[in-house]
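Novice: I'd like to ask some things about the structure below.
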């Protein structure tokens with residue numbers, strides 16, 4: 001403990017694996033390793049295919065590349081501490097290291113939310129204004145959108161570590177997860193956390209919350225456009241281009257909203273449920289997104305098959 005007058009700050013926190021199943025951590029690590037491997041290989045494969053396939057150099061796949069990079073970042077943020085607990089029972093993480101991990105996890109989550117919104121905008125323009133799509137979403141515009149997404153995440157979350165460092169901590173230093181999460185750290189403080197709660201809620205609603213609302217509005221407009229198409233075949237073809245994105249949105253937002261609600265309002269939720277939702281939120285989307293896009297996107301699938309044929313020759 002670091003002491004400064006009446007101010008107490010722990011030198012480290014203790015992370016938690018899966019409560020009640022500590023004896024099975026070695027076995028539990030097997031599916032986690034599989035998911036991490038799928039996420040790493042799958043997202044790297046998506047990036048490599050888009051880079052090497054000239055026909056995929058268009059806005060939809062540029063945004064998909066951003067999504068893949070973000071998913072890789074989330075995996076690399078949580079993999080060391082999660083597998084460290086499962087394999088070596090390394091529960092201790094330094095206070096500053098915990099804040100750093102928390103900052104990047106939240107930034108990458110916010111970036112993923114914003115990228116999903118950008119992908120929804122791309123689908124809306126492609127379906128509602130197909131002739132204007134190339135002139136609206138140029139390469140320069142896509143780069144500007146990407147930079148704006150990163151800047152928004154970094155700036156909006158910058159005060160969070162400092163708001164946590166100003167708090168006084170006492171007694172309990174055990175986190176609820178094998179990674180550092182803002183509400184989890186905040187709830188260990190024995191000081192007034194109203195500012196943290198208020199700022200965290202405002203930032204969450206003004207970023208991820210607004211992203212989700214605009215994604216829903218985009219699809220309302222897309223459906224309105226699709227209904228006006230002449231034939232059923234055209235309608236289904238237009239909607240089919242959105243299936244991958246809809247799946248990615250559901251896979252990301254449902255566990256994220258669930259985890260946020262549990263931390264803020266679920267005081268009586270069993271720890272195991274809290275832990276499983278957290279792992280679902282951080283590990284499942286990076287592992288599933290490459291699979292979803294490889295299955296549903298014919299261009300990605302065909303490029304992957306061509307690459308596999310070249311290797312086998």
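In case you wondered, yes, glycine gets a Cβ from its N, Cα and C as well.
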Novice: Identify the transmembrane segment range according to TrEMBL, selecting from 1-22, 243-264.
Specialist: 243-264
Novice: Is the transmembrane segment (24-50) close to the transmembrane segment (197-222), in the sense of at least 3 CB pairs under 8 angstroms with a sequence gap of 6 or more?
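Specialist: Answer no: the transmembrane segment (197-222) and the transmembrane segment (24-50) share fewer than 3 Cβ pairs below 8 Å.
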Novice: Have the transmembrane segment (142-164) and the transmembrane segment (24-50) got at least three CB pairs under 8 Å, pairs 6 or more apart in sequence?
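Specialist: When sequence-distant Cβ pairs are counted, the transmembrane segment (24-50) does not touch the transmembrane segment (142-164), since fewer than 3 lie under 8 Å.
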Novice: Among 24-50, 62-88, 100-121, which stretch has the highest count of C-beta pairs below 8 Å with the transmembrane segment (276-295)?
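Specialist: The listed stretch sharing the most Cβ pairs with the transmembrane segment (276-295) is 24-50.
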Novice: Need one number: mean pLDDT over the domain 'G-protein coupled receptors family 1 profile' (42-293).
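Specialist: Within the domain 'G-protein coupled receptors family 1 profile' (42-293), the model's average pLDDT equals 89.
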Novice: State the non-local partners of the transmembrane segment (100-121) in its own chain: residues 6+ outside its ends, Cβ under 8 Å from one of its Cβ atoms.
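Specialist: Apart from its flanks, the transmembrane segment (100-121) reaches 60, 63-64, 66-67, 70-71, 73-74, 77-78, 81, 93, 145, 149-150, 152-154, 156-157, 160-161, 164, 179-182, 185, 207-208, 211-212, 214-215, 218-219, 245, 248-249, 252-253, 256, 282, 285.
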